[in-house]
Amino acid sequence: MLERIKDSFTESIQTKIDAAEALPESIAKAAEMMVHCLLGGNKILACGNGGSAGDAQHFSAELLNRYEVERPPLPAIALTTDSSTLTAIANDYSYDEVFSKQILALGQPGDILLAISTSGNSGNVIKAMEAALSRDMTIVALTGKDGGAMAGLLGGGDVEIRVPSNVTARIQEVHLLVIHCLCDNIDRTLFPQDEQQ
Ligand SMILES: O=C(CO)[C@@H](O)[C@H](O)[C@H](O)[C@H](O)COP(=O)(O)O
Ligand SMILES: [Zn+2]
């Protein structure tokens, strides 16, 4: 078991080293899109399943509260938290529509969907992307593996941040780092401070 634990650390570190080579440009582009969105008075909607639902909530909490810099709250909504809405949509329609119906209600042109899936194949995240596109929103997709069906839905104005790994847990571990990089970029672009490095 000790060996398995050490192997998990090694694998996680290696995935982050690989991601540090592959992802900075797409993370910077996503952060730029988010800054532009927020400066325009728009908001960011986030969704995902399981661990990725936690990531969506982690992201919205950093924006609504704060990341590292003292600054005003920024507008973001995790679509994963309202159990009444989620159960009603899943019960009356289908689980695939739990995010898309919320986006059709709340999404405005210029808003961003942060769509998180390690496989890129979660049906409700795919439907969320379709709903976002129908609302003239742009998409930042956090994926892994081969990008799945999500990769094929993205247009030129969207960005995919695909973690170079086939292991769900390792991909999730990098997704969290990517989310913190996005928050850091947003903070430092919108609220530059002398004492920041
Ligand atoms: O956290 C984990 C696995 O580490 C799980 O809860 C995982 O997020 C769930 O199985 C998700 O349903 C996987 O969905 P996805 O990443 O393929 O979109
Ligand atoms: Zn997990």
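Cβ coordinates come from backbone N, Cα and C, glycine included.
For GLY51 (substrate binding site), the number of other Cβ atoms no farther than 10 Å from its own Cβ, over all displayed protein chains, is 16. Positions annotated as substrate binding site by TrEMBL: ASN49, GLY50, GLY51, GLU62, ASN91, ASP92, SER117, THR118, SER119, SER122, GLN172.
For HIS58, GLU62, GLN172, HIS180, the entry in TrEMBL reads Zn(2+) binding site. Over all protein chains present, the Cβ of GLU62 (Zn(2+) binding site) has 20 other Cβ atoms lying within 10 Å.
The domain 'SIS' annotation in TrEMBL covers 34-196.
Over all protein chains present, the Cβ of HIS180 (Zn(2+) binding site) has 15 other Cβ atoms lying within 10 Å.
When every Cα pair among ASN49, GLY50, GLY51, GLU62, ASN91, ASP92, SER117, THR118, SER119, SER122, GLN172 is compared, the largest distance found for this substrate site is 32 Å.
With a cut-off of under 6 Å between the Cβ and any atom of ligand 2, the binding-site residues ASN49, ASN91, SER117 reduce to an empty set. Counting Cβ atoms from all protein chains shown, SER117 (substrate binding site) has 30 others lying within 10 Å of its own Cβ. Checked against ligand 1, the binding-site residues ASN49, GLY51, ASN91, SER117, SER119, HIS180 give ASN49, GLY51, SER117, SER119 as the ones with a Cβ under 6 Å from it, listed in sequence order. Taking the Cα atom of each, HIS180 (Zn(2+) binding site) and GLY51 (substrate binding site) are about 16 angstrom apart.
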